[in-house]
Amino acid sequence: MAVVIRLLGLPFIAGPVDIRHFFTGLTIPDGGVHIIGGEIGEAFIIFATDEDARRAISRSGGFIKDSSVELFLSSKAEMQKTIEMKRTDRVGRGRPGSGTSGVGSLSNIIESVKEEASNSGYGSSINQDAGFHSNGTGHGNLRPRKTRPLKAENPYLFLRGLPYLVNEDDVRVFFSGLCVDGVIFLKHHDGRNNGDAIVKFASCVDASGGLKCHRSFMGSRFIEVMQGSEQQWIEFGGNAVKEGDVLRRSEEHSPPRGINDRHFRKRSHSKSPRRTRSRSPLGFYVHLKNLSLSIDERDLRNFFRGTDLTDEQIRFLYKDENRTRYAFVMFKTLKDYNTALSLHKTVLQYRPVHIDPISRKQMLKFIARYEKKRSGSPERDRPGHVSQKYSQEGNSGQKLCIYIRNFPFDVTKVEVQKFFADFLLAEDDIYLLYDDKGVGLGEALVKFKSEEQAMKAERLNRRRFLGTEVLLRLISEAQMQEFGVNFSLMSSEKMQARSQSRERGDHSQLFDSKDPPVYSVGAFENFKHHIEDLRQLDNFKHPQRDFRQPDRHPPEEFRHSSEDFRFPPEDFRHSPEDFRRPREEDFRRPSEEDFRRPWEEDFRRPPEDDFRHPREEDWRRPLGGLLQSTSGGHPQSISGGHPQSISGARPRSTSGDRPRSISGGRLRSISGAPERKISGTHQMKTSGALPMKTLGTLLMRTSGAPRRKILDALLMRTSGSSQRKTLGKLRRRTLDFLTILDLLVRILGARLMILEVTALL
């Protein structure tokens with residue numbers, strides 16, 4: 001369902017595009033913007049849904065072209081009635097006044113376009129260098145309505161609906177071919193153009209030609225041209241001219257129709273009164289803010305380059321003999337004045353300068369109040385005191401705050417922190433704005449630690465966040481206090497006083513009576529309504545007693561229950577013995593009997609019977625009797641002699657040298673004896689003990705203490721001193737397994753033993 005919103009405070013320079021941009025993210029159908037205009041800047045906007053209208057209302061107080069606008073809920077009936085009243089007021093008015101001004105409604109615009117399109121034969125040429133466009137019929141050849149006079153009564157015409165930044169040259173181009181003698185622009189109380197002007201022509205003939213330009217375009221706006229009067233010209237600052245002078249000038253200077261008046265301007269310009277005057281004395285004033293403290297008059301003259309500016313037209317403001325960031329500048333011409341306003345937010349010495357128009361009356365009033373404050377009581381100059389509209393230098397002069405608009409109505413402080421993710425913001429530095437009913441406005445105030453951070457944060461202006469285009473504006477603390485927010489007063493002392501008052505129960509002092517009707521999401525505001533309920537502590541006495549009694553009895557009940565649970569642990573203490581004994585009897589002993597003994601019987605003995613005896617029988621005996629037993633012959637067996645391989649060749653080491661023992665000498669047998677026959681005293685005693693072959697096998701299969709025992713047995717069986725010495729070294733060194741393996745392989749010449757030993761490992 002379509003909903004109509006009424007907008008007030010729309011500046012004259014703003015158009016439908018600016019309104020649609022202000023409501024970015026909301027659905028406005030085609031033809032949904034109706035600008036009424038007038039002194040109050042009225043307009044009606046149609047939104048597609050109720051949700052869009054509700055979110056649009058929350059943006060009330062925002063800025064369109066640096067002008068604050070107010071939004072109200074309206075209806076189609078009110079919109080139609082307002083449009084009809086404005087149209088009737090314009091038609092029934094005999095002569096224009098300085099009162100309300102307006103822009104034609106949509107129905108009037110369509111009617112005018114149709115009427116002018118049907119009279120396309122009256123067109124005339126237009127100066128193409130002007131840069132403006134007409135509606136296809138020309139400026140001076142429109143067929144006038146029956147209700148409008150075709151001939152001017154005097155050389156004065158009243159214009160309505162002019163753009164904000166219009167100047168005299170634009171008006172002369174608008175009346176191309178006519179001799180314009182002077183222009184006076186009407187202004188608001190703040191010094192801005194209100195869209196109205198009075199034009200004085202050289203003659204009534206030129207004024208009659210100007211009436212034909214009614215509802216022609218100046219840029220993108222329709223301009224209403226009506227009959228004026230000499231009284232209005234004088235009232236708004238013009239000088240009266242004698243009638244004879246007017247007739248003489250009209251005869252001399254009125255050019256033929258269609259001829260450009262450029263070569264007449266100098267002569268007519270010299271005889272006309274001053275072309276721009278305001279209600280106040282001569283001059284146009286601007287208010288400069290956020291200036292650098294080191295700036296001087298020369299810097300401002302360079303800043304306003306191209307304007308006629310002297311040091312006498314510049315005035316800086318001081319506080320306690322210290323310069324502030326404010327200044328006033330007076331311009332002599334409207335052109336210089338418009339040039340200065342176009343430099344708004346231009347950076348000067350690393351600071352964006354804010355240039356606002358101001359009237360002479362307001363400037364003098366501000367200076368008088370400021371001078372009074374300087375010479376006034378020290379109470380007004382104490383820290384924290386701010387004037388009603390402007391705050392002087394100090395901390396309030398620095399622009400540390402940013403006013404944020406166009407957030408969703410339910411935005412939170414955490415979301416604001418995410419928007420300023422590049423800046424370290426605490427929740428205390430963020431202030432959310434709410435209406436009287438506690439509904440979010442989608443606006444917030446954020447304070448930064450320094451001006452540099454605030455200026456960097458302002459670069460996020462018009463960045464999309466949460467589906468909307470967020471608008472940012474850098475403001476000072478004084479401007480922030482106009483919202484009713486003062487971060488400087490929210491100090492730790494005040495927070496401590498609030499906490500102490502809350503502990504005392506004096507909840508009436510938690511919030512200052514001077515606090516504005518703006519709600520925050522702070523910690524105190526969340527409990528604002530609950531504090532009143534907490535005052536009635538009598539309602540909570542009985543529940544507290546009921547809860548305290550059960551807290552005392554349960555420990556006694558559990559003390560008795562703990563005694564009952566002491567006996568089960570005694571019963572369970574015997575269980576570890578039951579579990580430990582089976583571990584020793586059932587697991588440890590069977591592991592020795594079942595695993596270790598079969599390992600010796602099944603694995604160690606069978607290889608001795610099945611593998612080693614066949615090797616000796618099958619491989620060594622067929623070699624031609626080279627291998628002998630341990631009782632005689634050449635020591636080709638384990639007891640000594642040159643060890644032969646399976647092929648009968650003499651084995652060599654990896655390097656190609658003769659195989660040597662560990663001690664570095666010639667290769668010896670296990671007993672360490674040199675290569676010779678075992679006879680006489682060198683014959684080993686093997687009676688009543690294990691043979692040397694069995695001891696060698698056990699030596700290969702054991703390590704550590706068992707190996708030392710085997711070496712002791714070999715020492716007992718060895719008679720030679722050198723052999724005993726070698727075995728003693730082996731026993732002391734605890735031979736490496738690989739060394740013993742290499743020694744046994746060279747002595748026994750068995751290759752399969754490597755696989756067997758590897759499997760055992």
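Just so it is clear, glycine is given a Cβ too, placed from its N, Cα and C backbone atoms.
As given in Swiss-Prot:
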{"type": "COMPBIAS", "residues": "247-262", "note": "compositional bias 'Basic and acidic residues'"}
{"type": "COMPBIAS", "residues": "263-278", "note": "compositional bias 'Basic residues'"}
{"type": "COMPBIAS", "residues": "372-384", "note": "compositional bias 'Basic and acidic residues'"}
{"type": "COMPBIAS", "residues": "538-621", "note": "compositional bias 'Basic and acidic residues'"}
{"type": "COMPBIAS", "residues": "627-654", "note": "compositional bias 'Polar residues'"}
{"type": "COMPBIAS", "residues": "661-672", "note": "compositional bias 'Low complexity'"}
{"type": "CROSSLNK", "residues": "K114", "note": "SUMO2 cross-link"}
{"type": "CROSSLNK", "residues": "K151", "note": "SUMO2 cross-link"}
{"type": "CROSSLNK", "residues": "K335", "note": "SUMO2 cross-link"}
{"type": "CROSSLNK", "residues": "K514", "note": "SUMO2 cross-link"}
{"type": "CROSSLNK", "residues": "K541", "note": "SUMO2 cross-link"}
{"type": "DOMAIN", "residues": "155-230", "note": "domain 'RRM 1'"}
{"type": "DOMAIN", "residues": "284-360", "note": "domain 'RRM 2'"}
{"type": "DOMAIN", "residues": "400-477", "note": "domain 'RRM 3'"}
{"type": "MOD_RES", "residues": "S98", "note": "phosphoserine"}
{"type": "MOD_RES", "residues": "S101", "note": "phosphoserine"}
{"type": "MOD_RES", "residues": "S112", "note": "phosphoserine"}
{"type": "MOD_RES", "residues": "S250", "note": "phosphoserine"}
{"type": "MOD_RES", "residues": "S254", "note": "phosphoserine"}
{"type": "MOD_RES", "residues": "T276", "note": "phosphothreonine"}
{"type": "MOD_RES", "residues": "S278", "note": "phosphoserine"}
{"type": "MOD_RES", "residues": "S280", "note": "phosphoserine"}
{"type": "MOD_RES", "residues": "S292", "note": "phosphoserine"}
{"type": "MOD_RES", "residues": "S294", "note": "phosphoserine"}
{"type": "MOD_RES", "residues": "K319", "note": "N6-acetyllysine"}
{"type": "MOD_RES", "residues": "S377", "note": "phosphoserine"}
{"type": "MOD_RES", "residues": "S575", "note": "phosphoserine"}
{"type": "MOD_RES", "residues": "S591", "note": "phosphoserine"}
{"type": "REGION", "residues": "120-147", "note": "region 'Disordered'"}
{"type": "REGION", "residues": "247-278", "note": "region 'Disordered'"}
{"type": "REGION", "residues": "372-392", "note": "region 'Disordered'"}
{"type": "REGION", "residues": "538-690", "note": "region 'Disordered'"}
Recorded positions: K151, K319, K335 - member with fewest neighbouring CB atoms within 10 Å: K151
Sparsest-packed among the modified residues, when each Cβ's other Cβ atoms within 10 Å are tallied, from S292, S294: S294
Residue pair S292 (phosphoserine), K319 (N6-acetyllysine) - Cα distance, angstrom, rounded: 15
The domain 'RRM 1' (155-230) [mean pLDDT, rounded to integer]: 85
Rounded distance in angstrom between the Cα atoms of S294 (phosphoserine) and K319 (N6-acetyllysine): 15
Mapped DSSP class for S294 (phosphoserine), helix or strand or coil: coil
Helix, strand and coil residues within the domain 'RRM 1' (155-230) as assigned by DSSP: 16 helix, 32 strand, 28 coil
Three-state secondary structure, K335 (SUMO2 cross-link) (per DSSP): helix
Rounded inter-Cα distance in Å - the residue listed as 'N6-acetyllysine', K151 (SUMO2 cross-link): 59
Pairwise CA distance, K151 (SUMO2 cross-link) versus K335 (SUMO2 cross-link), rounded so that it is a whole Å: 32
DSSP helix/strand/coil residue counts for the domain 'RRM 2' (284-360): 19 helix, 31 strand, 27 coil
